[in-house]
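Beneath this line is the structure, given in C-alpha cells, with notes to follow.
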C-alpha cells in the first residue's frame, strides 16, 4: 500500500533540494563573475596594460579603504550620506504612500491632478537642483529636497498603480461576506493588495535616491561619499577615489537587498494564495 504522506515528503524534499541547488548555482555564478572583474582589476594595472596612475590595482585600493575605515574617515562621509538619503527617501515615502493611496482610491481626483503629476515627474531631477539651490541655499536642505524629489515619483506612481490594479472580485467577495464600509474595504482589501507594488516602488525610489545623492554631493558639498569621490579626484588621490566608489556600490547594494527582502515579505501572502490555487 502506498503511503502518500511519505511520498509527498520525498517529492517535496527533492523539490526543495533542487531549489537550494539552483540558488547555490546562481550565487556561485555571480561570485565567479565578481572574482573575474576583481582579478582583471588587479592584473591589468600591474601588467602595464592600464596605467596604474588612473586605475590602481584592487589590492592597493582595498588597502587604502581599510586604512580609511580604521582611521574613521570613511565613516564620517558614509554617515553624512546615509543621513541625507534616509531623510530625503523617508520624507518621500511618508508623503507618496498616503497621497498615492488617496489618488488611486478616488479616480476623479487622480484624473484632475494627473497632468500636473506627469509634467513634474518628467522633469530631469538634476535639472531642478540649481533651482533648489537658489531657493533653499547650498546647504543640507537643498540636498535632502532633491533626494526627496527623485524618490517621490517612483513611490507615488507605484502606489497609485497598486490601488488601481486591485482585483474587483476581491472587493465583491469582501462585500458578500458583510464588509460594507468603504473604510473597512480599504483596510482589509485595497491596502493589503497594493502593498507588493508599493514595496516595488520603494525599491525603485531608493535606487533613485542613491543616484541623486551622489550627484548632489558632487556639486557643492563639503562632506559625503560623493564629495569624497570628486575631492579625491581633484587632489589626484586616486586610491581614495576608488575606495569611495566601492563604498557607494556597497551602500547601493545594501539598500537594494534590504528592500528586495521587504518586497518578498510583502508578497509572500500572494505567493501562498497562488500556490494554493495551483494545488
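The backbone N, Cα and C atoms fix where each Cβ goes, glycine too.
The transmembrane segment annotation in TrEMBL covers 21-41, 53-74, 86-106, 126-152, 209-229, 241-262. The domain 'ABC transmembrane type-1' feature in TrEMBL is assigned to 78-259.
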Using a Cβ-Cβ cut-off of under 8 Å, list the residues of the same chain that are 6+ residues beyond the ends of the transmembrane segment (126-152) and lie near it.
84-85, 87-89, 91-93, 95-96, 205-206, 208-209, 211-213, 215-217, 219-221
Which stretch from 86-106, 209-229, 241-262 shares the most C-beta pairs under 8 Å with the transmembrane segment (53-74)?
241-262
